[in-house]
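These come from TrEMBL:
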| type | residues | note |
| --- | --- | --- |
| COMPBIAS | 185-212 | compositional bias 'Basic and acidic residues' |
| COMPBIAS | 425-438 | compositional bias 'Pro residues' |
| COMPBIAS | 444-470 | compositional bias 'Low complexity' |
| DOMAIN | 242-277 | domain 'EF-hand' |
| DOMAIN | 294-329 | domain 'EF-hand' |
| REGION | 185-226 | region 'Disordered' |
| REGION | 398-494 | region 'Disordered' |
| SIGNAL | 1-23 | signal peptide |
Amino acid sequence: MSYLKGLLASCLMLASVLSWVKAVPISIDKTKVKLPEETVKEPPQSVDTGLHYDRYLREVIDFLEKDQHFREKLHNTDMEDIKQGKLAKELDFVSHHVRTKLDELKRQEVSRLRTLIKAKQDIEGGNDIAVDHQALLKQFEYLNHMNPHTFEVEDLDRLIKSATKDLENYDKERHEEFKRYEMMKEHERQEHLKTLDEEGRRKEEEHYEEMKKKHADHPKVNHPGSKDQLKEVWEEADGLDPEDFDPKTFFNLHDTNGDGFFDEQELEALFTKELEKIYDPTNEEDDMVEMEEERLRMREHVMNEVDSNKDRLVSLDEFLVATKKKEFLEPDSWETLEQNQAYTEEEMREFEEQLARQEEDLNLKAADLQKQREDLEQQQEQLNAQKIELQQAVEHMERIKTQKVPPPLEMHLQGNAVPESLGHDPPPVPPENQPLPPGHQDIPPEQQQHVPQKQQDLGQEPQNIPQENQPLPPGHNSLPHDSPQMPLDHNNVP
């Protein structure tokens, strides 16, 4: 079971380191960390590995440990066989109760992943898009997504390989992240110098060199994992006589969980005294981020020298074998971080170029956003102008509707009085030889003399009216004076 326990212990250490580093408040110049004194000695403990499948991993390992057959097989299987998947085949022989519980754990994990996928889709605004869960589950390599119901041999194999790979990648990524941190700190220092005048730069450089010397002025650091280093812990931390140092007793004292192994957390706790020689959170020259990197370097170094089967744990046997080696008794001196710069000049140059490219890209994006903003402002001004014109047109129409405007003809004739007759069509003229309708008989001669006067009064030329003693046209003969004027009967007209 040592490999899986070491795997889980490594995951826990990963989470502990991540939470420790992320919790460190870095000052503006990123050269000094302010920490309460009580937090300096030990990193905070965490029950989370930092892996997104942490709970699933821990619960699977916990239930496998409860099966006696699997536990015995694991005890007799080396790390390479585990990595190659030979141990996973033993899953077929575990008890029904354990297999049932593992099936339940897998169903819960698949449900959790689907919930995460759905939540991500909701955040991205794709509520109306159908989700292909099978396709999206492919990205989670630590389980077989094609079978979401039962925990099989392939699931255990995938889980072990994924956790191992993630932890190995973490070590690499951690080194790269720290390297970027150091390069950024130097970049910001150089940028700050550019803002100073010659006298200011001189003083700043002198202060920088003074801080470097103060940081390097510390007691000798023992080689991690050496006899001298462990005896110092034995004496100062355990309060025992250094002359009575016994490796086996030392191991049992610091195997805090009593499982017969040093995991990565237990190992790192052994280096606290050495780190306190170099770093003090109250000193301006000491960087606590660098202290944690130093701690991890020490742990990696001891694991590489002592962990012979590479299961990420140090057993009692491995520890006792290491105490008999020359490296334990007569180690080389340990070179601290200030003696080993985290980056080369070439890496720093490439980092500066990368920052320059990023700055250029940001400037281009900023210019593009500024242009878009100006275009939007111009469009807004045009819309506002159109809105004002539209409002004015609406107001003008409203004024027209509320005012009393005379008809067009009356407007044309205002100030020019015209008789009402001019505003009407002339009466129709009957055809020749057709009797006149009632009321349109010939005008008697004694009345004809008044017609021209009336027409003149109307401002018209006199009509062509026959003169006295002039024969009238046919159908217009005047009636005798003594004959009564009878209305014409149009029905009797031939």
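Even glycines carry a Cβ here, placed using N, Cα and C.
What you see is a predicted model, and the numbers here were worked out from it, not measured in a lab.
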For the domain 'EF-hand' (294-329), the DSSP residue counts stand at 24 helix, 2 strand, 10 coil
Taking helix as H, G and I and strand as E and B in DSSP, count the residues of the region 'Disordered' (185-226) in helix, strand and coil. 29 helix, 0 strand, 13 coil
Restricting to the domain 'EF-hand' (242-277), what is the model's mean pLDDT? 93
